[in-house]
Structures are given as C-alpha cells and as structure tokens.
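These notes are about the structure you will find just below.
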Amino acid sequence: MVLIGVDSLSMAEKLAFSSAESDVLLAILGPMSVRTALRPGELSPTLPVPKSIARPEYAWRPTVAEGSEPWVQTPEVIEKMRVAGRIAAGALAEAGKAVAPGVTTDELDRIAHEYMVDHGAYPSTLGYKGFPKSCCTSLNEVICHGIPDSTVIEDGDIVNIDVTAYIDGVHGDTNATFLAGDVSEEHRLLVERTHEATMRAIKAVKPGRALSVVGRVIEAYANRFGYNVVRDFTGHGIGTTFHNGLVVLHYDQPSVETVIEPGMTFTIEPMINLGGLDYEIWDDGWTVATKDRKWTAQFEHTLVVTDTGAEILTQL
C-alpha cells in the first residue's frame, strides 16, 4: 500500500482523490441518505362521483350499519363480487403503475378514483366514517389507513395502495405494496416475503379447516425472518357490507373456533413489520404508523371459499 500526503496534491488531484474515497465508502456502506419520518401533507378537495353511480348506505353518514351480514354468501352475491373484485384489482393495477419518485399519493388516489368511477363503481372508502379519499396510501412506516395527500414519494420508498370498489350492492377489497425506485434489499425482501405469506395463507384455505390456519401459516413464515405480524388490524368478512363481522386473524391463535365453509367471503391482508408491534395513530384519526419507525408491508385479496379451496376475487 502506498500512502500519499493529500497536502502534496493539486486541487484537481484532491477532488479526484475525494471522489474515489466517496465511491469506496458508497460501495461499502451503501447510500447515506436516510428517509425522514413521514408527516401529514396537504389534503386536496374530495373528488366527485357521478350521481348515476350508486353509493353504499354509509357514505358520508356518521354511523355505519355493518356486522350482521351472513358470512356465507349466495351464488348471486358471489357473482356480483367477482365484478367488484375485478374493478378493484384494475384500479389497484393502474395506480400501482404510477408509483415512482416524485409522484404524490394524491395522484395515486386520483388514478384509482377515476378508474373505479369510469367502470361504474363507487370507491368504498370515500365517506366511510368520514374518510376523505378514494383509497388508502401507506408508505414505509405507515401500517395502514394512510390518507392520500401532497406527500411526495421518494426514491427507495415502499408504497401500499388499498382499494375497495362498490358496485351492484357489493364490495371488492384489495391492496398491494409497490417499490419506488431503488429500494434497499432489506425493504425489498420485506415486501416480497409479505406477498409470499399472503399467498401461502390463501392456499391454506380449505373447507372444514379452522379459520385459525390463516394466521398460523402467516406467522410461521414471517417468524423465519424475525418479522412481526400486526395483531390489532385484521382481515374481515365482506360482501353486501364492507365489513360483516367475521374476523380473520393474521397471527396464530388456536382458540379461534370458526370453521371455514364453502361460500364464505373474506379478506386476507397481513401487515408485517420489520420492527416491533407498537404503533401510534396520527391526529387525522386514521393513519397508523409504527412507533419505532421501522418499515412495514401489506398485501390483500378478497376470497370466496369453494368446495376445494379458495378463489381469489380481486385479480384481473
């Protein structure tokens, strides 16, 4: 090794030397920039929905009548849910294509909103208990229920978009986490493994099994990587109501006695954290973020239980 005194170099040589040092450090340590903790942005006006599109009964009302719908749906309701599910999946796909550094979450909301209304559907979140937007956008440390606003997506962010479409009296609910730009390996793996956990749980759904199999499969897979599965926000029954009272846990809870039956419709939507389970709710009353600011990912599908397994209703 040859040691060179920096004071003996010309200015050009010093700059070149400094640049070379920086390149070495970057190769060893990776990018030095750190994403700052998220804060609420500015809300834009609520987007309009044509009067010709039917609203769910709860839209912009102070109370929501849900929780008493049967868990097993009729063939007619299930067929309608296929339509709602495809619309939700299409809106999610279109919004997901737009995820990139420099794009606002408000723009993602606009894309999802326009797709749904163009297909004759009402955005189920719009006016649900006062929620002001047509989808949820949850970045990085936000676990769920983030409100689209002026927040600008940055390079390396992970962005969850949660879309629910209401049409012909039924709902279809889905979400996915997208990568923006150059995402670190740690966060990319979290996203990939959360998707894998979701799909493994869907494959485990069979008539006659305890519903607790869903959480057992998800938590066992997540624990292999030292992740934590969120407990206080769950999957749910869905159909003619947004949430029908059926609770789908994403962690192992053997005491759950509910048995899976053909015709049941529900969501599986695990939220998986890199860090701990403690969270805080922002002053907006909706946004849920990890207290330790470590990142989290989520995926979701609406399912119907068949005679042999589960059919995903929220796919194109």
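Every residue gets a Cβ built from N, Cα and C, even glycine.
The domain 'Peptidase M24' annotation in TrEMBL covers 79-307.
The Cβ neighbour count for His243 (substrate binding site), using a 10 Å radius and every protein chain shown, is 21. Secondary structure at His243 (substrate binding site), taken from DSSP and collapsed to helix, strand or coil, is coil. Taken from TrEMBL, the feature substrate binding site applies to His145, His243.
Asp173 (divalent metal cation 1 binding site) falls within a strand when secondary structure is assigned with DSSP. Among the features that TrEMBL reports, divalent metal cation 1 binding site is placed at Asp162, Asp173, Glu300.
A strand conformation is recorded for Glu300 (divalent metal cation 1 binding site) in the three-state DSSP classification. Sequence-distant contacts of Glu300 (divalent metal cation 1 binding site), defined by Cβ-Cβ distance under 8 angstroms and a gap of at least six in the same chain, are Asp162, Asp173, Thr174, Asn175, Ala176, Thr198, Gly235, Thr267, Ile268, Glu269, Thr314. For Asp173, His236, Glu269, Glu300, the entry in TrEMBL reads divalent metal cation 2 binding site.
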Neighbour-count leader, CB within 10 A, binding-site residues: Asp162, Asp173, Glu269: Asp173
Cβ within 8 Å of the mean position of the Cβ atoms of Asp173, His236, Glu269, Glu300: remaining residues of the chain near divalent metal cation 2: Asp162, Thr174, Asn175, Gly235, Ile238, Phe266, Thr267, Ile268, His301, Thr302
Any further residue of that chain within 8 Å (Cβ to the Cβ centroid of Asp162, Asp173, Glu300) of the recorded divalent metal cation 1 site: Ala88, Cys136, Val163, Thr164, Thr174, Asn175, Thr267, Glu269, His301, Thr302, Thr314
Number of other Cβ atoms within 10 Å of the Cβ of His236 (divalent metal cation 2 binding site) across all protein chains: 21
Set of same-chain residues at least 6 away whose C-beta sits under 8 angstroms from His145 (substrate binding site): Cys136, Ser138, Asp162, Trp286, Thr287, Val288
His243 (substrate binding site) versus His236 (divalent metal cation 2 binding site) - Cα distance in angstrom: 6
